[in-house]
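Novice: Before anything else, here's the structure in question.
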Amino acid sequence: MSSVDQKAISTIRLLAVDAVAAANSGHPGAPLGLAPAAHAVFKKMRFNPKDTKWINRDRFVLSNGHACALLYSMLVLYGYDLTVEDLKKFRQLGSKTPGHPENTDVPGAEVTTGPLGQGICNGVGIALAQAQFAATYNKPDFPISDSYTYVFLGDGCLMEGVSSEASSLAGHLQLGNLIAFWDDNKISIDGSTEVAFTEDVIARYKSYGWHIVEVSDADTDITAIAAAIDEAKKVTNKPTLVRLTTTIGFGSLAQGTHGVHGAPLKADDIKQLKTKWGFNPEESFAVPAEVTASYNEHVAENQKIQQQWNELFAAYKQKYPELGAELQRRLDGKLPENWDKALPVYTPADAAVATRKLSEIVLSKIIPEVPEIIGGSADLTPSNLTKAKGTVDFQPAATGLGDYSGRYIRYGVREHAMGAIMNGIAAFGANYKNYGGTFLNFVSYAAGAVRLSALSEFPITWVATHDSIGLGEDGPTHQPIETLAHFRATPNISVWRPADGNETSAAYKSAIESTHTPHILALTRQNLPQLEGSSIEKASKGGYTLVQQDKADIIIVATGSEVSLAVDALKVLEGQGIKAGVVSLPDQLTFDKQSEEYKLSVLPDGVPILSVEVMSTFGWSKYSHQQFGLNRFGASGKAPEIFKLFEFTPEGVAERAAKTVAFYKGKDVVSPLRSAF
């Protein structure tokens, strides 16, 4: 190790320690242990701090996000739009150095990590996207895409089940462009890993199909770490796990103990570190000039590499004008012109069809038009109907099951990993529009990943079928009740529950055009009629008046399968002398973004509003005065019988509508949309 290397590693360590000390909050242990690995990995990486969206950059993911003082120190030293002053504001309100990495706030952070295990799954998604992208656009003598994904992960990540799901799939997919580094420091918050984590990780990853490299002294041996990277790159048909034997809190008086994990070092400890490593013990946030020069040199080399890539891409566009134009369009974040003309349009004369089938029809129409759409299912393809006819599977060619240019991903029964991998695909860039299918109830298995989709502003899409008691015989274990309320309550998630074909097309239009908001499409197993008065344009507002009634006594607002039920209830109400209108509200988030004038035209003052949805009523008081829903678990049986059991029939809806009319008769009724703030 050269003296500059040693000085650089010490600088990384001390910047992290100083940042945590300044905040009086954070995690110094992992940065002290992983600094040599970070130094070695970044020296091998191809990136340009001045162009963080260059598509052929290598990606770095910090799965153990609590070690973010390490990442921030690297970003500062390499000249990203992050400075020592930002480090001094570590974990402070409004800073660019939050308590865990956030891709929306931290220049150079590829993904948002913190919940353990998510980052390694994101890394799998990034590597998958890179492989698909390369197989689609690379040509002989034109390696447009040949980047690597590097992931740091800790024992906590390995304990989380989601990492096992994703690592298993990565091994099957033979993602040789993925290199993960396990910080094997044998410490957890509760103490030694001997208390809860004693499995043979290496044997497990070998069984997944990963290549293994071990570095026995990752505290100091950067030559071995660099050699591990070189070895990993030679193994092109397996992802690699590099076991880094490290000491948590290396150099600290508390090194090797759980006490150094998540608390600032004491002042005397910091001083002895600085003295030991040749720094002024009274100075904080020091960056020696020779370290800056060394890192600037690597950046300059990388900028030359990017310039060569730019020239390569220019030549590519001349030799392959159609592909080049398509690729440029994707890099510009634009969709194909008039792609939405492919969306199916329906009339009431068309047959009743389940919205999951309508979803399949949409996918079959738009996938040929939009090459950036890729997707799959968590082993429910025949039920979710997520595979468009003729779509090739994304598989290693050696399996004989597909190839890397394939656009259909077999996720297996791995819902949580699927969600986190989708986040990684979105993080890769190139305008990927990716979707994953499962039953709506099992999107809950992936709640951690879904929440990070929303926080990260990744526009991924869940094709969530079997959306209610309408799935029938599988019973309450599979019938979602609270699921929609949960995800509607999560900020920045568009939860669509379309009622017919036009609304399903509108849902996909919203999802494909989204740039910052994930979507969940809740779709039926049972057939639904095509509605009179629906249209893609109307549904695209998130809510609209389906049945207009002058001087209505009541408005019934519903979603999905209950919209046609509400329409059927009108005849019953008419027989009772009650005039009712019907509003379809397929997506609350989109509706909420409309003008106040428009929203009040749909859900106006002066008329009581009843919501009808065969789910939890939680959250519906924002849009209705009275709520008819299902605040209990469902039942196993034939769907029509279950609907009848819970009185979700035209008569059941009409009964509750009549009671609502009677309750509000003679009273001043203010729209539930109105509020003081």
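Placed from the backbone N, Cα and C atoms, the Cβ positions cover glycine too.
Pulled these features from Swiss-Prot for this protein:
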SITE      His27  site 'Important for catalytic activity'
BINDING   His27, His261, Arg356, Ser383, His466, Asp474, Arg525  substrate binding site
BINDING   His66, Gly114, Pro115, Leu116, Gly156, Asn185, His261, Glu415, Phe442  thiamine diphosphate binding site
BINDING   Asp155, Asn185, Ile187  Mg(2+) binding site
SITE      His261  site 'Important for catalytic activity'
ACT_SITE  Glu415  active site, proton donor
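Thinking about packing and proximity, how do these listed features fit into the structure?
Specialist: His27 (site 'Important for catalytic activity') carries neither a helix nor a strand DSSP state and counts as coil.
Sequence-distant neighbours of Ser383 (substrate binding site): residues of the same chain at least 6 apart with a C-beta under 8 Å from its C-beta are Arg356, Phe439, Thr465, His466.
Taking a C-beta cut-off of under 8 Å and a sequence gap of six or more, His261 (substrate binding site) has these contacts in its own chain: His27, Gly29, Ala30, Ile187, Ser188, Ile189, Ile248, Gly249.
In the three-state DSSP classification, Asp155 (Mg(2+) binding site) falls within a helix.
Other Cβ atoms within 10 Å of the Cβ of Glu415 (active site, proton donor) number 28 in total over all chains.
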Novice: Suppose the Mg(2+) site is Asp155, Asn185, Ile187. Which further residues of the same chain have a Cβ inside 8 angstroms of that site's Cβ centroid?
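Specialist: Leaving out the recorded residues gives Gly154, Asp183, Asp184, Lys186, Ser188, Thr193, Thr246, Ile248.
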Novice: Work out the three-state DSSP category of Asn185 (Mg(2+) binding site).
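Specialist: For Asn185 (Mg(2+) binding site) - judged by DSSP and reduced to three states - the answer is coil.
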Novice: Given the binding-site residues Pro115, Asp155, Phe442, Asp474, which lie close to Glu415 (active site, proton donor), meaning Cα to Cα within 10 A?
Specialist: Phe442
Novice: Could you find out if DSSP has Phe442 (thiamine diphosphate binding site) as helix, strand or coil?
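Specialist: Once the DSSP labels are grouped into three classes, Phe442 (thiamine diphosphate binding site) ends up as helix.
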Novice: If H, G and I count as helix, E and B as strand, and all else as coil, what does DSSP give for Arg356 (substrate binding site)?
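Specialist: In three-state terms, Arg356 (substrate binding site) counts as helix.
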Novice: Closest of the binding-site residues to Asp155 (Mg(2+) binding site), Cα to Cα, picking from His66, Asp474, Arg525?
Specialist: His66
Novice: Determine, using Cα-Cα distances only, which of these binding-site residues is closest to Asp474 (substrate binding site): Pro115, Asn185, Phe442.
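Specialist: Going through Pro115, Asn185, Phe442 one by one, the Cα closest to that of Asp474 (substrate binding site) is Phe442.
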